[in-house]
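Undergrad: According to Swiss-Prot, the record shows the following:
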{"type": "COMPBIAS", "residues": "1-16", "note": "compositional bias 'Polar residues'"}
{"type": "COMPBIAS", "residues": "23-35", "note": "compositional bias 'Low complexity'"}
{"type": "TOPO_DOM", "residues": "1-81", "note": "topological domain 'Cytoplasmic'"}
{"type": "TOPO_DOM", "residues": "103-130", "note": "topological domain 'Extracellular'"}
{"type": "TOPO_DOM", "residues": "152-158", "note": "topological domain 'Cytoplasmic'"}
{"type": "TOPO_DOM", "residues": "180-184", "note": "topological domain 'Extracellular'"}
{"type": "TOPO_DOM", "residues": "206-227", "note": "topological domain 'Cytoplasmic'"}
{"type": "TOPO_DOM", "residues": "249-275", "note": "topological domain 'Extracellular'"}
{"type": "TOPO_DOM", "residues": "297-333", "note": "topological domain 'Cytoplasmic'"}
{"type": "TOPO_DOM", "residues": "355-370", "note": "topological domain 'Extracellular'"}
{"type": "TOPO_DOM", "residues": "392-432", "note": "topological domain 'Cytoplasmic'"}
{"type": "TOPO_DOM", "residues": "454-469", "note": "topological domain 'Extracellular'"}
{"type": "TOPO_DOM", "residues": "491-537", "note": "topological domain 'Cytoplasmic'"}
{"type": "TRANSMEM", "residues": "82-102", "note": "transmembrane segment"}
{"type": "TRANSMEM", "residues": "131-151", "note": "transmembrane segment"}
{"type": "TRANSMEM", "residues": "159-179", "note": "transmembrane segment"}
{"type": "TRANSMEM", "residues": "185-205", "note": "transmembrane segment"}
{"type": "TRANSMEM", "residues": "228-248", "note": "transmembrane segment"}
{"type": "TRANSMEM", "residues": "276-296", "note": "transmembrane segment"}
{"type": "TRANSMEM", "residues": "334-354", "note": "transmembrane segment"}
{"type": "TRANSMEM", "residues": "371-391", "note": "transmembrane segment"}
{"type": "TRANSMEM", "residues": "433-453", "note": "transmembrane segment"}
{"type": "TRANSMEM", "residues": "470-490", "note": "transmembrane segment"}
Amino acid sequence: MSGQAASYYNPSQSYGDFQPGMQNPQQQPDYYNNNVSNHGYDLNFQRGPEPKPPTEPPPTYNQAVYGFDDAFKIERPKYHDIWAGLLFIAVFLGYVAVSGVAIHRYAKYKGLNGDGIYDSSNSFSLDTNTLILFIFVLCVALAFSYAYFLGARYFSKLFIWVTGILNIVFALATGIYYIARKQYGGGIVFLLFGVFAIICFISWIPRIPFSAFMLQTSIDVSRKYGHMFIVSTIGGLVAVAFAAWFSVTLVSIYVAYEPSSSGSNPSCSDGGCSRARVIGLVVYVTFAMYWFSEWLKNTIHTTIAGVYGSWYFWSQSPNGMPRGSTRGAFRRATTYSFGSVSFGSLIIAIINMLRQACSVAQRNEAAEGSIVGSIMFWILGCFIAILDWLVTLFNRYAFCHIALYGKAYIPAAKDTWTMMRDRGIDALVNDCLIGPVLTMGSVFVSYVCALLAYLYLQFTKPSYNADGNFTAVIMAFAFVIGLQICQIFMTPVSSGIETIFVAMGWDPQVMIRDHPDLYYRMIQVYPRVQQAIQPSA
């Protein structure tokens, strides 16, 4: 593999070329064709000639020290998708401005909203009671997310089983609880979710050994190289801090601009309050929150991908890993690739906004007892979730390419997906459960946060929610906070696996030459590795 930016992989390399002295596993037939009986490939299919990446080592390879930028050089222009980076900065600055004004108005009339759970005289909007709820939600999300991260680190196979079972049990128990509380719409939705989780988990069982092996491989590498656990902890704490800031901003917007029918909101004495303004500002800060959270998540992912790429291509070289791989990968993600990371994050943020709107609508229908409406919005939410999964999958493998070679977002996505499809890596990706497992675990944490919000509102009975109008909104935001924090904590776990898959596709011969033990254990656990990845005829 080159130490220089590469837009193409070498289709002539395969996993069937062994070095002398290695035990040669039983040869598999050549599956790399487009015939239906041969995994959808045609025996007569031939790729046109593609330029091979240069094979020379980085300029300082034989010297005492070389860094990440020497190992993975990027071509000019070095900066890509600049418009997305500038737009991201503008949106974030707008968020800072809105937050500052809203929090100032909240602090100015804080007496109306109380200092604790029960002493508020605010009967028209969110208040300090809600702020304390979000503090509890943050603590629960932080504790569950970090415990989940430690579970992945120390109990790889058990981690997958426990995740699936907990989601099933929690979904069914929540559905039964809602029905017992006569919230039939929400109860039926959760029961359907539980049945769906059971079907998914049963289909997972044959693929658990391979997934557990890949997870353990990622964890083993992280213990020896890079700073995965430090990056995860710092990223998680930044996510918690931003979620706290967002929670204060959200409550402040309602306090500052929510009109009161009795005219009791002192913030509205000088005008400027309206329901439309509240909705507009909430939509804006929610979108900014999603975009920042996705950018943070993808920056962590790109950083970790750089570390695993360094391990895959250079750990067995005479001079070992490039010096400062973690710092070098982070520096590239926040400079040359800042625009590309912002672009990919923007797409996910838009989809998440649609899913959030659907979630709020579904909970409103459930609160009003509309079973049909609740189920319809749940089904729509499932389609949006599938779209989110597909785009996220597409994004994360593209970011692995961006981490190493610094290409623009769209060319990197096209090149990476073409390579993975032609190599057969997409088959391995589909059979690896780590992505769905981590998503399911994050959803579990978010449902715990949403349930906490519901119980808190039921037991504290704030005056602003006497008719239950704010229940769906508060639960939805508690769900989002739990989901984003857990996903950010767990990002480094999946990043290693995804980078290994991409690196295997770009240069499979490195796996044979530099990591033979890993390769042989992989084909023992999952023989389809030899069948899925073959050179073209």
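Cβ from N, Cα, C; glycine included.
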Undergrad: Using a threshold of three or more Cβ pairs below 8 Å, and leaving out pairs closer than 6 in sequence, do the transmembrane segment (433-453) and the transmembrane segment (228-248) count as in contact?
TA: no
Undergrad: Per the 3+ Cβ pairs under 8 Å rule, pairs at least 6 apart in sequence, do the transmembrane segment (276-296) and the transmembrane segment (334-354) touch?
TA: yes
Undergrad: Which one, 131-151, 185-205, 371-391, 433-453, has the most C-beta pairs under 8 Å toward the transmembrane segment (159-179)?
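TA: Looking at each of 131-151, 185-205, 371-391, 433-453 in turn, the most contacts to the transmembrane segment (159-179) are made by 185-205.
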Undergrad: If we call contact 3 or more Cβ pairs under 8 Å (sequence gap 6 or more), are the transmembrane segment (131-151) and the transmembrane segment (334-354) touching?
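TA: No, since the transmembrane segment (131-151) and the transmembrane segment (334-354) share fewer than 3 Cβ pairs closer than 8 Å, they do not count as touching.
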Undergrad: Is the count of Cβ pairs under 8 Å between the transmembrane segment (371-391) and the transmembrane segment (185-205), pairs 6 or more apart in sequence, 3 or more?
TA: yes
Undergrad: Given a Cβ distance threshold of under 8 angstroms, which distant residues of the chain, six or more beyond its ends, lie next to the topological domain 'Cytoplasmic' (206-227)?
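TA: Distant contacts of the topological domain 'Cytoplasmic' (206-227): 152-153, 156-157, 159-161, 304, 307-308, 310-311, 315, 321, 325-326, 431-434, 437, 492-494, 496-497, 500, 518, 521-522, 525-526.
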Undergrad: Hey, which of 82-102, 334-354, 433-453 has the most Cβ-Cβ pairs under 8 Å against the transmembrane segment (185-205)?
TA: 433-453
Undergrad: Tally of helix, strand and coil residues over the topological domain 'Extracellular' (180-184) according to DSSP?
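TA: Output for the topological domain 'Extracellular' (180-184) reads 2 helix, 0 strand, 3 coil.
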Undergrad: Going along the chain, which residues at least six beyond the ends of the topological domain 'Extracellular' (355-370) come within the CB cut-off of under 8 Å?
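TA: 178, 183-186, 189, 286, 290, 376-378, 380-381, 384-385, 388, 468, 471-473, 475-476, 479-480.
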Undergrad: Do you know the mean pLDDT across the topological domain 'Extracellular' (180-184)?
TA: 80
